[in-house]
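Before any comments, here is the structure.
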Amino acid sequence: MTNEIETAALAARFPTGFTWGAATSSYQVEGSTGADGRGPSIWDAFVNEPGRVVDGSNGDTAIDSYRSIPEDVATIKALGLGAYRFSLSWPRICPDGDDRVNEAGLAYYSNLVDALLAEGITPWITLYHWDLPQTLEDAGGWPVRATAERFGQFASIAHAALGDRVKHWITVNEPWCAAFLGYASGEHAPGRREPAASIAAAHHLMLGHGLAARAIKAADPEAVVSVGLNFYPIHAATDTPVDLDAARRVDGVQNRWFTEAALRGAYPEDIVEDFKAISDFSFVEDGDMEVINAPVDVLSVNFYSRFTVTGNGGATSASAAPTGAGSAWPANEHIGFVSSGLPVTDMGWEIDPAGLTETLTRLHASHPEVKLAVTENGSAFPDKIEDGQIHDPERLDYARAHLAACADAVDAGVPLVGYFAWSLADNFEWAWGYTKRFGLVYVDFETGERTVKDSGRWYGDLVRRARANREAE
Ligand code: IFM
């Protein structure tokens, strides 16, 4: 009973029109990587290299979402969600990454959009969630300018096919991961370890964002355009100058680099100076920053954890280290990540709900003109089926605490317009394969069978209560 009262009280704290959803991405859920003319992506190649994925798995089947539109939409509906964020597989639509379109690939997304709309579920499309067509990587990948231009073209193709029904567009998801895990530490596809090239990759990902955002807005001024960035509160391990400087650097690369480029049209000067140690920035052309500074209607905030940082890299503690610690921070290899003693999820990521409020209020203070949406938030914990049920109190507590943190931000005046749980269902967790479960819905990876977890039921209950409150007003 107490819990029901608490849930009702939490639901009442969200404003009218708030978007409630869950998120996935193409390579993590679709499977059918060889079906209907889809071309290969960098992830198809990467997973086949020995040692890249901890359990040696791949996304060939994933959770079979390509063949499960009715089931997936029914699951979203059963949870009571009003929105579904999914990504388009670029090589499914443009198998060679150029302007030749694979109509069968487009048809899959068109059918998914129709099925969602028929159930009153609003689609939020992400254009790039890391599955670059392999042909574009063969031509140089994101360190090369032409990839950004191709991406702008892809955005126009996707929007021309789906823009009559889809209003919400997120251009690029987590360019930090795509650039620095993909091209600096090599922990993600394409697995390159070229720190200088990773900075060019980061620039071209943002240029791609700008080109895509402008193409969509030109086609539909009413479209709601966004870019998806991953944020972490950064704390210095001590107040020594070396640790404080490490915190400034990590905060700059993680929280300010992409945000300021998109929203202010300039990279933070202090980080430009740091990066000059390894890059001459010759890839930045006149006019690029204006393109990158395209209108953003909603900033998509992905939030999982916080970092405590030291300038003495040797002190890195494995449990506190983000994926890619050290080598994923080009020009900052001396930096380490230490535990602050907070409890951690199955990823080893510290749980810091107050850090979400801190992130949202800081973003609002720095960029008051833009609305915010939490487009990913969630936790991995090992799950066990017991009598056909999944009791996952830790995931439920994580969700409850982070939603309360969102409500605190709303109370503080942050224009927060939505929340998307990561993820709708357990799926392929990149270099962790199928060993980490983030879903509101449990997936039996052998049979594909779905079972709603306790956390999914709780989230659905919260959403229904929030909606009922507003309808009663
Ligand atoms: O699964 C990923 C997702 O693809 C991007 N953001 C973080 C999630 C959890 O690691």
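Glycine residues also receive a Cβ, built from the backbone N, Cα and C atoms like all the rest.
Heads up, TrEMBL stuff is auto-annotated, nobody curated it.
Just one of His129, His209, His367 is listed by TrEMBL for the same substrate site as Gln28, Asn173, Tyr304, Trp422, Glu429, Trp430, and that one is His129. Using a 10 Å Cβ-Cβ cutoff, Trp430 (substrate binding site) registers 24 neighbours.
Reduced to three states, the DSSP call for Trp422 (substrate binding site) is strand. Within its own chain, Glu174 (active site, proton donor) has Trp130, Gly228, Leu229, Asn230, Asn302 as residues 6 or more apart in sequence whose C-beta sits under 8 angstroms from its own. In sequence order, Ser25, Ser87, Thr126, Tyr128, His129, Trp130, Gly228, Ser300, Asn302 are the residues of the chain that are 6 or more apart from Asn173 (substrate binding site) and have a CB within less than 8 Å of its CB. Each residue contributes its Cα atom, and for Trp422 (substrate binding site) and Glu376 (active site, nucleophile) these two points are 5 Å apart. Cβ environment of Gln28 (substrate binding site): Gly59, Ala62, His129, Ser423, Asn427, Phe428, Glu429, Trp430 lie under 8 Å away, each six or more residues apart in the same chain. Under the three-state DSSP scheme, Glu376 (active site, nucleophile) falls in the strand class.
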